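Presented below is the structure to which this report refers.
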Amino acid sequence: MTRPRIALIAHDHKKDDVVAFAKRHRAFLSQCELLATGTTGGRLIDEVGLDVTRMLSGPWGGDLQIGAQLAEGRVRAVVFLRDPMTPQPHEPDINALVRACDVHNVPCATNVATAELMIAGLADEANAPDSAQAG
């Protein structure tokens, strides 16, 4: 079975949440191929000890880099903890990434509750007897 490739992204006010989420799911996430935007990836490496491929920071094009890989079929799921209360200067890039998830039918969790359910499903899929044929 190939390791699922999961993108982890978080706006500034949600970075503590993505780190806490990754700590809770470290055992599963360490079995995945992870990619993240710059600062988020740095925190996941430093604070959680995960192996993460870092893209550019979101405002510098990192969201678009992840979106391009997603469009090529190279991303299984996206955890994108968005801050709905703070305007983002790169909102068009954010919308493009979420739209790419919709267009390519890639699960995209934009809050912790949905991310918890999505990771549970991915872990179940990975542990299923016929998981080599899943996804």
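Heads up, the Cβ atoms here are built off N, Cα and C, so glycines get one too.
TrEMBL does not curate its annotations; it predicts them automatically.
Per TrEMBL, domain 'MGS-like' is recorded for 1-135.
Neighbour count (other Cβ atoms within 10 Å of the Cβ, all protein chains): 25 for THR37 (substrate binding site). Here TrEMBL flags HIS11, LYS15, THR37, GLY38, THR39, THR40, SER57, GLY58, HIS90 as substrate binding site.
DSSP assigns ASP63 (active site, proton donor/acceptor) to a helix in the three-state reduction. Taking Cβ-Cβ distances under 8 Å and a sequence separation of 6 or more, the neighbours of ASP63 (active site, proton donor/acceptor) in its chain are ILE9, THR37, HIS90, ASP93, ILE94, ALA96, LEU97. The active site, proton donor/acceptor annotation in TrEMBL covers ASP63.
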### Query
How does the model score the domain 'MGS-like' (1-135) in terms of mean pLDDT?
93
## Note on the structure
Around the Cβ of HIS11 (substrate binding site), other Cβ atoms found within 10 Å total 20
### Task
Grab the substrate binding residues from the record (HIS11, LYS15, THR37, GLY38, THR39, THR40, SER57, GLY58, HIS90) and give me their largest CA-CA distance in Å.
17
### Query
From the centroid of the CB atoms of HIS11, LYS15, THR37, GLY38, THR39, THR40, SER57, GLY58, HIS90, the recorded substrate site, which same-chain residues not already listed sit within 8 A by their CB, in sequence order?
ILE9, ALA10, ASP12, ALA36, PRO59, GLY62
